[in-house]
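What TrEMBL says about this one:
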TRANSMEM  25-44  transmembrane segment
TRANSMEM  80-97  transmembrane segment
TRANSMEM  103-122  transmembrane segment
TRANSMEM  143-164  transmembrane segment
TRANSMEM  176-193  transmembrane segment
TRANSMEM  205-225  transmembrane segment
TRANSMEM  240-260  transmembrane segment
TRANSMEM  267-288  transmembrane segment
TRANSMEM  339-361  transmembrane segment
TRANSMEM  373-396  transmembrane segment
TRANSMEM  408-428  transmembrane segment
TRANSMEM  440-461  transmembrane segment
Amino acid sequence: MDSLPKQTLNPNKHLKEQFVSNLDGSSILEIAALLTIVPLLVLLRYSIGFHCKIDNNGVKAVTSKKNDDEKIVISRNWKAAISLDFIFIVFPMLLFFTVLSEWVYHGTVLLSLLVLILSVTAKRSFSGLQRGQSLSFRASVSSYRVALMLITCLCILAVDFTIFPRRYAKTETYGTSLMDLGVGSFVLANAVVSRQARDVSSGNWITGIKATAPLLLLGFIRLVTTSGVDYQVHVTEYGVHWNFFFTLAAISILTSFVNIPAKYCGLLGFAVLAGYQTWLLSGLNTYLLSDERGTDIISKNKEGVYSILGYWGMYLLGVHLGYRLFYGKHTNIRSTTSSIARVFLVSLLLWIVTILFDNYVERISRRTCNMPYVTWVLAQDLQALGIFMLSSYIPLNKLSSLEEAIDQNLLATFLLANLVTGMVNLTVDTIFASPFSSLLILTAYAFALSAIIGTIHFSGFRLKFW
């Protein structure tokens with residue numbers, strides 16, 4: 001008697017895996033332009049005003065529109081503020097990542113001009129604004145981290161639809177794409193604001209191990225759930241069992257055992273990256289980029305295991321840059337002109353180094369996390385952070401309501417996005433959906449995510465452990 005065919009919740013698993021495999025990415029310039037649009041959308045939102053926040057008296061809505069009698073209007077309509085954030089930030093991001101991807105350069109220029117005009121107009125209306133009202137560096141970093149989370153949440157589902165350009169999906173071996181920046185940007189964002197970068201004691205290695213436990217737990221939960229529902233996994237991304245959470249956990253463990261002052265992290269980070277890059281050029285890259293995969297656990301997860309060296313080096317450099325640019329004794333953590341100029345100058349130098357490495361050492365590879373990839377992530381993210389810091393020139397700027405909600409619930413946002421992404425993939429044949437249906441589903445997903453996180457935040461809930 002013939003055995004019954006195996007039932008699966010994901011019958012198109014193989015097709016979906018092929019859909020995100022063997023891709024070459026886009027140009028460095030296009031990705032830079034695309035990631036300039038994101039902070040410009042946020043600055044545009046700041047220019048318009050009307051935000052909600054939580055204080056001891058409840059929910060307040062604040063508008064920067066001025067009249068003769070008042071500047072601040074108190075309301076409880078936080079839903080309207082979240083909706084405006086979605087309309088001016090999230091939805092345009094989704095459009096530029098999908099149906100407007102051919103208009104990236106035009107969008108960058110037009111948004112730059114629009115933000116400039118609105119900023120000048122607003123500054124004239126608020127000529128008496130106190131300088132101390134500018135956003136601090138901490139707030140700018142919060143905007144940067146929130147934008148990174150929004151990009152990630154949109155891309156992890158959009159990549160499974162045909163309206164998401166294949167050049168924005170993760171590259172197979174060498175090259176650059178929007179999604180290639182993901183894990184590197186998270187590592188850098190954690191490094192820049194870490195206790196180590198702020199030169200604050202982080203305790204002993206035992207404390208570090210305990211702090212790593214939630215990441216390891218999330219990593220194993222993801223591994224079990226993806227295997228349990230037969231979810232598609234792009235093996236060459238991290239390996240058979242490895243995932244994003246294990247990489248973050250490994251970096252945290254290494255940092256706990258090798259805990260040195262921030263001013264020396266740059267030297268150690270460069271040494272780690274130089275040694276790792278030398279090893280790659282000596283033949284390790286051939287092994288990591290090949291289809292060769294043995295039966296032992298390390299071989300099955302070679303991409304995730306070996307790339308730890310690259311990500312750790314990146315983390316150490318991020319700690320050093322955070323300390324030197326923002327937390328050192330002679331730095332001012334407010335978004336002043338001098339601090340903004342330093343960020344853009346370092347970004348420019350890293351862009352030059354990236355181009356030289358990419359052309360004369362080895363092409364950028366997210367899969368191996370080589371040195372050109374590390375300098376590219378540093379250059380790109382510092383550029384984006386510098387643009388966020390330009391919010392200092394927008395009168396009465398403040399974190400938008402959605403930014404505040406996501407910033408206080410980064411973990412909840414990421415977990416919710418992964419959960420909904422999995423549910424959509426198991427119920428919808430994403431690769432066969434029409435462009436209209438795809439955009440409709442993605443819009444509904446993005447709005448639901450914004451609304452749920454907004455509701456969670458304004459209800460007073462917070463889920464955050466790193």
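Cβ atoms are placed via backbone N, Cα and C, with glycine included.
What TrEMBL says about a protein is an automatic prediction, not a curated fact.
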Between the stretches 143-164, 176-193, 440-461, which wins on the count of C-beta pairs under 8 angstroms to the transmembrane segment (80-97)?
440-461
Among 103-122, 176-193, 440-461, which stretch has the most Cβ pairs under 8 Å to the transmembrane segment (373-396)?
176-193
Is the number of Cβ-Cβ pairs under 8 Å between the transmembrane segment (25-44) and the transmembrane segment (143-164) three or more, considering only pairs separated by 6 or more positions?
yes
Need a quick answer: max count of Cβ pairs under 8 Å to the transmembrane segment (143-164), which of 176-193, 205-225, 339-361, 440-461 is it?
176-193
